[in-house]
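Quick one: the structure is below, questions incoming.
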Amino acid sequence: MKSNRDSYWMKIALKYAYYAEENGEVPIGAILVFQEKIIGTGWNSVISQNDSTAHAEIIALREAGRNIKNYRLVNTTLYVTLQPCMMCCGAIINSRIKRLVFGASYKDLKKNPFLKKIFINLEKNKLKIKKHIMRNECAKILSNFFKNKRF
């Protein structure tokens, strides 16, 4: 059953989110899967890399591209613990990823107005999307992280 596999892969993405948190980053993790194998992994690394584009999704896509020697990541599924931002959505679409599975949505983060503004409507593209796999767990790590930060 696909839902069980989605949970399996999301648990791995969550491990990368926890790693990001342990390193003082916003806790977001991502993995890219092709034919039941992980071809790319990433965790948010904006602070440590001094790079505003070092989002978990972007890092996973870059690694996958290097691994398969192609930027076209067709027939892959991206698992990410938070609904992708506008920048990451563009990369997902340009990479030709077939399927996106995310855990928490911006709504889960208490309707943060900043986050709400940067989401793009992915449903208008050919990307198949499955939402809210392990939603509570994915939202919890982010909510706890932001409780301890002052913005």
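Every residue gets a Cβ built from N, Cα and C, even glycine.
Taken from Swiss-Prot, the feature domain 'CMP/dCMP-type deaminase' covers 4-122, and the record attributes it to sequence analysis. Among the features that Swiss-Prot reports, Zn(2+) binding site is placed at His55, Cys85, Cys88, with the record citing sequence analysis. Annotated active site, proton donor per Swiss-Prot: Glu57, in sequence order, evidence recorded as sequence analysis.
If you look at the structure here, what lies around each of the features I listed?
DSSP assigns His55 (Zn(2+) binding site) to coil in the three-state reduction, placing it in neither a helix nor a strand.
Neighbour density for Glu57 (active site, proton donor): within 10 A of its CB lie 30 other CB atoms from the protein chains shown.
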List the residues of the same chain that sit at least 6 positions away from His55 (Zn(2+) binding site) in sequence and have their Cβ under 8 Å from its Cβ, in sequence order, or write 'none'.
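Non-local contacts for His55 (Zn(2+) binding site): Ile28, Gly42, Asn44, Val46, Pro84, Cys85, Met87, Cys88.
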For the Zn(2+) site given as His55, Cys85, Cys88, which other residues of the same chain have their Cβ within 8 Å of the site's Cβ centre?
Ala56, Glu57, Ile58, Pro84, Met86, Met87, Cys89, Ala91
Since the record lists Cys85, Cys88 as binding-site residues, which of them has the fewest other Cβ atoms within 10 Å of its Cβ?
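Taking Cys85, Cys88 as the binding-site residues, the minimal 10 Å Cβ count falls on Cys85.
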Which state, by DSSP, holds Cys88 (Zn(2+) binding site): helix, strand or coil?
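DSSP assigns Cys88 (Zn(2+) binding site) to helix.
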For the domain 'CMP/dCMP-type deaminase' (4-122), what's the model's average pLDDT?
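Mean pLDDT across the domain 'CMP/dCMP-type deaminase' (4-122) comes out at 91.
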